[in-house]
Structures are given as structure tokens and as C-alpha cells.
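Annotated features in TrEMBL:
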- 31, 190, 191, 232, 233, 234, 235, 236, 237, 238: ATP binding site (BINDING)
- 71, 158, 170: substrate binding site (BINDING)
- 296-375: domain 'PUA' (DOMAIN)
Ligand SMILES: Nc1ncnc2c1ncn2[C@@H]1O[C@H](COP(=O)(O)OP(=O)(O)O)[C@@H](O)[C@H]1O
Ligand SMILES: N[C@@H](CCC(=O)OP(=O)(O)O)C(=O)O
């Protein structure tokens with residue numbers, strides 16, 4: 001009896017320390033999904049927003065800085081527009097988002113005001129995470145909002161996002177915001193209380209309490225969005241989000257919105273994802289790996305793959321055998337092996353149109369025949385991330 005009790009109460013020190021870090025965070029990013037914010041008939045769930053805001057206000061009262069990443073614009077716009085289900089085409093989603101975003105922020109503004117807090121809407125795009133200047137701008141604005149005591153409410157800027165270049169879900173955006181703002185913790189709130197080791201609607205699946213690293217996810221059936229069809233990413237993007245955040249050293253908790261208060265207080269609810277040890281990737285590496293899509297591709301010969309992947313070397317023109325896509329110098333491109341698999345992503349130093357003349361040539365030959373400015377790498381190793 002005694003030993004069973006002891007075993008039940010045993011908490012891995014990694015988790016215990018991590019939970020404490022969440023409770024003591026100076027700055028926390030909280031993400032809430034559409035499925036938690038809307039009623040089954042597609043209206044904003046006022047009670048849920050009231051409860052969530054009360055939970056966030058309680059953290060603010062303890063002196064923590066809070067950034068909320070909230071989905072729900074499309075869902076909130078559906079019913080006023082007479083849409084029975086989430087529209088499939090992008091233009092209709094964008095129309096619903098522009099109707100719903102105002103309603104959503106109005107609801108938060110009113111609830112926060114009741115706690116003496118000011119809401120600040122921040123709409124971001126993938127570009128804001130990808131491009132240096134925008135990245136810095138977003139960071140500066142968010143910092144200033146925190147300094148003046150406002151509570152930023154972030155969402156993807158759905159009305160200007162396009163199919164090729166959008167997150168679609170807010171999970172990964174939340175992780176990038178946590179990294180951008182050097183948050184001490186990320187809390188992902190959904191309609192499910194934890195990550196399960198299989199589809200939670202099926203019998204016999206159980207909660208995964210702790211994810212130490214990627215290997216703890218082996219064999220787990222990580223599925224898409226739940227039954228109501230208002231969420232988009234499902235567990236896949238939440239686990240991605242946790243991976244981005246923990247790679248950046250940010251401890252992450254995944255649980256239901258109903259458990260928000262407990263999760264923020266460091267209680268043992270949901271799934272805890274431990275932050276990775278060691279060298280933190282730079283902001284540039286994280287957004288290259290997770291927030292960018294390649295504008296084109298360079299196909300590498302086996303020697304170049306080896307150099308880039310194993311030796312972390314720069315990519316030289318000599319190792320490139322094929323190029324496709326339309327990109328300009330400075331754009332992100334995918335580096336592929338000859339089977340087509342993406343092995344790395346980097347910022348390219350030449351326009352796509354220039355590459356065919358450079359491929360297969362040594363830098364020495366290029367400098368001699370084409371001028372010294374052609375001696376530079378195709379992709380410099382500082383602008384490159386292995387995937
Ligand atoms: N292994 C799993 N563990 C937990 N939930 C899972 C799993 N696989 C799929 N899901 C589904 O993911 C859903 C949450 O994702 P989603 O609907 O996109 O939520 P949100 O709107 O909060 O982002 C859950 O309702 C659940 O049905
Ligand atoms: N930006 C969109 C988010 C879409 C969405 O459903 O995201 P999520 O619920 O986080 O999977 C919105 O506000 O509707």
C-alpha cells in the first residue's frame with residue numbers, strides 16, 4: 001500500500017522543475033484554440049472567455065506578463081454570416097475571420113476591462129515571423145504593449161494570408177511568439193485535457209504526462225482535429241508547436257481550457273513537454289526551420305548533402321545539380337537530395353535565374369571568369385538549418 005502510494009506520487013524531477021518554472025514564469029504565452037472558444041452552434045462561448053480571462057487576470061495580479069494567442073475568428077464569424085460549417089475556400093474563411101475577429105476581440109476587451117486590464121489586438125502573418133525587419137517590428141510592438149501593461153491578443157492576420165503562406169492554425173505561431181518574446185513558458189489550451197497515446201475518443205488510450213524529448217512520442221498516434229470541425233491543426237500542430245518551443249528552451253504544457261488556471265499555477269494537469277538542453281537555436285534558425293516555406297529548391301549532389309548535413313558547411317555552387325522555383329537573393333529555399341527529400345533550408349545569395357550558370361562550377365572558376373562577387377557561397381552556413 002505504502003509503496004503503491006509512493007509510486008503514484010512520484011513525479012519525474014524534470015517535470016517537477018518544469019512545472020515550477022511555468023508557475024514562476026516572468027512572461028507566459030497562452031494559446032487557446034477555436035474548439036474551446038465556440039459553442040456547438042458556432043457562437044462565441046461567452047462563459048469560456050469569461051473564465052479564461054479570469055485565469056489570465058489572476059496571473060497578471062501575481063506580476064506575470066501574459067500574451068494570449070487566440071484562434072476563433074473564423075468560428076466566431078460563421079454564425080453571423082449564416083454559415084453552418086467552417087467554409088472550405090480561403091475567401092469565405094477570410095470573410096468569416098474579418099467578421100469574427102472584431103467580435104472576438106470585443107468579447108475579450110469587455111471581460112479584461114472588468115478586471116481593470118486593457119486588451120491589445122496584434123495580427124501577425126508568416127512574413128512577420130520570417131522577415132527580419134517585420135520580426136523585429138513585431139517584437140518591439142509586443143514589448144511596448146507589455147511595458148505599458150496591456151494584454152496582447154495575437155491571431156494570424158487571416159484576411160491577408162494566402163494559401164501558400166499562412167500558418168492556418170495558431171499552434172506554431174504561438175510557439176514562435178514565445179520564442180520571439182523570450183517567454184518562460186507556453187501553455188496550449190484545447191478541447192482535450194492532454195496528449196493521449198492514441199485517439200482519445202477510443203477506449204483504452206491513456207494520458208501522456210511527460211514528453212522529455214522526441215523519442216517519447218514514438219509510437220503515439222497523433223491525429224487531426226476533433227469531431228466538431230472548428231479547429232484546424234489537431235494534435236499534429238500542437239505537438240509541432242511544443243517541439244518548436246522546447247527546442248527554443250521554453251517549457252510547454254498542453255491541456256484543456258478548463259484546466260488553464262491549474263496549468264498556469266504549475267499543477268500536474270495535461271502533458272508537460274520539457275525544454276531541450278544545450279545550445280538554443282537562433283531566432284533565424286527557428287524561423288527558417290518552422291515558419292518559412294521554401295520559395296524554390298536546389299538539388300544537391302551526394303557530396304554537397306554530406307557537407308551541408310554532416311559538416312554544417314556552406315553550400316557552394318559546385319555541389320548543385322538542379323534548380324527550380326522563382327526566388328530572389330535573400331529568399332528561403334529548400335535544399336534537396338537527389339531523391340527529392342528536403343534535407344535543409346537556407347537563405348539563398350543569388351536569384352533563381354543566375355543559378356544555372358553557376359551550378360557545378362568551383363568558386364575559383366566563378367571568381368576568375370565572372371568576377372570576384374561570384375566567389376560567395378550559394379547559401380552561407382549561418383543562413384542554413386538542417387531539417
Ligand atoms: N493523440 C491525441 N491526443 C489528444 N487529442 C488528439 C490526439 N489525436 C487527435 N486528437 C484530437 O485533436 C483535437 C484538438 O485539436 P483541434 O481541434 O485543432 O483544437 P484547437 O481548436 O484547440 O486547436 C482533440 O479534440 C482530439 O480529438
Ligand atoms: N486564425 C484562425 C485560426 C484557425 C484555427 O482554427 O486554429 P486552431 O483552433 O488553433 O486550430 C482563426 O482565428 O479562426
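Heads up, the Cβ atoms here are built off N, Cα and C, so glycines get one too.
Caution: TrEMBL annotation is automatic and unverified by curators.
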Contacting binding-site residues, sequence order - 158, 170, 191 vs ligand 1, Cβ under 6 Å: 191
Where the C-beta lies under 6 angstroms from ligand 2, the matching binding-site residues among 31, 71, 191, 235: 71
Residues 71, 158, 170 binding substrate per the record - widest CA separation, whole Å: 11
In the chain carrying residue 170 (substrate binding site), residues 6 or more apart in sequence that have Cβ under 8 angstroms from it: 31, 33, 69, 70, 71, 154, 155, 156
Residue 235 (ATP binding site) and residue 158 (substrate binding site), distance between Cα atoms, whole Å: 21
Site of maximum Cβ density within 10 Å, from binding-site residues 71, 237: 71
Reduced DSSP assignment, residue 237 (ATP binding site): helix
Residues of the domain 'PUA' (296-375) by DSSP state, where helix covers H, G and I: 30 helix, 24 strand, 26 coil
